[in-house]
Ligand SMILES: *Cc1c(COP(=O)(O)O)cnc(C)c1O
């Protein structure tokens, strides 16, 4: 039997059924009218932000990385909880605008920004985190045509990466950011061109669980920002330290010790070099803020046995849960936290695989794991579904379409 990932804190059973936001998932399914269904708990999101704020130095601003979960009601909730929003496309700009989020709170990173995306962002007053020199010249030219002053920051490709991170976004040759040694010259040219200089964005990796590795990376980012400020002779109004804090998805994963990260960052802030005394710092986080607040609920439509192995066939699958199927940035497939939601907390009775309804062997939500005996009609819950689920899965595959999403 293969182990399942750890179920996040904050979930309980009501009469043997998994509850989200105080109500059994069966009621939410009834309300939604169908499965599969994503449920996002507003209380769990609020609690996560509050817990993080309590651990971090007060002067650290928190940004939400929209790509983790761009569902409108989730963005509206975050509008009252975090300081800023990081977007990575013109489409995400439209989503934050639709959620009523002021553009002055938004920064736009990401390679390959098209002219019309730059234009929309500059016109709205969004800060651009520039990914190349060529992008800087295009932005400045577009701003001139618009008669606007662009707000420009440089995304730095640091020479270090975040140790133990699931996705490395810095160190060596990368499509992200501008190599650190070329940054001071560009910063001077941006200021000379009359742009509003916003500082640096230094993002070294994502999905790390090791607090001391995260703290080391933040210290390196602060040292790099100071060095770049000194070399360019230009002050740094704002410095985005990146994110990197991950969540436990797999058996044996432990949550990030955010208290340690906060203490180490407070030490850094207490000993800032002169160049950074006036700098505002922020962290940008996606999955850490929403991942564990989401559950994907799907219904068992068939139960079959093949060569002695039990398969629970659901009406969901990788078209909504690419990451849980093991096909989004993982090398070795391991099980996410998955449970039979309508027999929540019941004893393990058998080994079974939970599969989806797609015609591909990749469509597996849990592999040879232990479950209470489940039948057609039972609901399955996939946890850690709040980030990179609905928006990062190929919902058009096999004509399936999107799942319902509810913020509850
Ligand atoms: C994807 C991304 C994030 C969010 O990453 P998480 O692992 O969800 O926290 C933050 N910043 C940038 C620049 C990104 O590309």
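In case you wondered, yes, glycine gets a Cβ from its N, Cα and C as well.
Please treat TrEMBL annotations as automatic predictions, because they have not gone through curation.
Per TrEMBL, the feature active site, proton donor maps to 359. Around residue 359 (active site, proton donor), the same-chain residues six or more apart in sequence whose CB sits under 8 Å from its CB are 398, listed in sequence order. Secondary structure at residue 359 (active site, proton donor), as computed by DSSP, is coil.
Per TrEMBL, the feature domain 'Orn/DAP/Arg decarboxylase 2 N-terminal' maps to 44-290.
Annotation for residue 67 (N6-(pyridoxal phosphate)lysine): same-chain Cβ neighbours under 8 Å, separated by at least 6 residues, are 87, 88, 92, 286, 388, 391, 392. Residues annotated as N6-(pyridoxal phosphate)lysine in TrEMBL: 67.
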